[in-house]
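Copied from TrEMBL, the annotated features are:
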| type | residues | note |
| --- | --- | --- |
| DOMAIN | 44-293 | domain 'G-protein coupled receptors family 1 profile' |
| TRANSMEM | 30-54 | transmembrane segment |
| TRANSMEM | 61-81 | transmembrane segment |
| TRANSMEM | 101-123 | transmembrane segment |
| TRANSMEM | 143-166 | transmembrane segment |
| TRANSMEM | 204-229 | transmembrane segment |
| TRANSMEM | 241-264 | transmembrane segment |
| TRANSMEM | 276-295 | transmembrane segment |
Amino acid sequence: MSATEKQNQTYITEFILLGFGNLPDLQVPLFLLFLVIYMVTMTGNILILVLVVANQHLHTPMYFFLSNLSCLETCYSSTILPKLLAGFLTGDRSISYRSCMTQFFIFAFLVGVECYLLAVMSYDRYLAVCKPLHYITLMNRKLCIALAAGAWVSGFMISFVITLLMSQMVYCDHREIDHFFCDFTPVIKCSCSDTFLTEAVTSLMSATCTMLPFLFTVASYILIIITILRIPSATGRQKAFSTCSSHLIMVTIFYTTLILVYMLPKTYNLTAFNKLFSVFYTVVTPMVNPLIYTLRNKEVRGALRKE
């Protein structure tokens, strides 16, 4: 490639997010659907944040981590949905190169943080169920802050490295991204650079922030289930399971859709399914999480009634 050609291909000013443009008759219904989801997501997560801060009974490790998760979900939805809604409303699906890289950075950052936070929350539930007598001593304020900070810093560093590698690549005239936001695989398909190193590093770092927390979470719940099954009374087992049921539902929804999105073959025929599953973990999950905690958790419902 000559210097002139490289210069011409490097300075791409914008991409086109194809999104759901292949469904012209559903643009208005989809706009209304995603608008309602965005409003419910923001209201639910901000409400949980306010309740945890305002209510002394919720100043516990579990709700501290939940407030971190609610803050994350608020930022998560605001990274993807406003641009998607604007595309439905105006028909303009263009996104500048810098905005695309920024959107991916924030998205990847928050996904990484969520994986680590869910693992931390599973450890918290493990201590609460398996070591109840030592729970207050082990899960103290200092450890809670350190675990939460570690999740945020780890997510930031992983996302920073991957985004830096993506930004060093040369992007050709192919500017159409067959997705509704700037995700890794659809974006690098627009590159005419050698993507091997970037994909290898991304796979390694993605495994670090997804598979390791996932395996840790699974191990925690195996120990939790074993401990619950050893409880002699049915009432005791039900009470113990109720302390972690909401988190278990969140983990199941998040990881099921995440695995389906990134483990499915990246073929043309499965693109629609990829988008659908992406909607679940990027749009639906942030809305469902606060609903799960408010509907299934007596303490949150009690705090809500008091407010």
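The backbone N, Cα and C atoms fix where each Cβ goes, and this holds for glycine too.
Since the structure is predicted, the reported quantities are computational estimates derived from the model, not experimental observations.
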Residue numbers, six or more beyond the limits of the transmembrane segment (101-123), whose CB comes under 8 Å of its CB atoms:
62, 65-66, 68-69, 72, 75-76, 79-80, 83, 95, 147-148, 150-152, 154-156, 158-160, 162-163, 166-167, 181-184, 187, 209-210, 212-214, 216-217, 220-221, 244, 247, 250-251, 254, 258, 282
Considering only Cβ pairs within less than 8 angstroms, which of the stretches 143-166, 204-229, 241-264, 276-295 has the most against the transmembrane segment (61-81)?
276-295
The domain 'G-protein coupled receptors family 1 profile' (44-293): mean pLDDT?
88
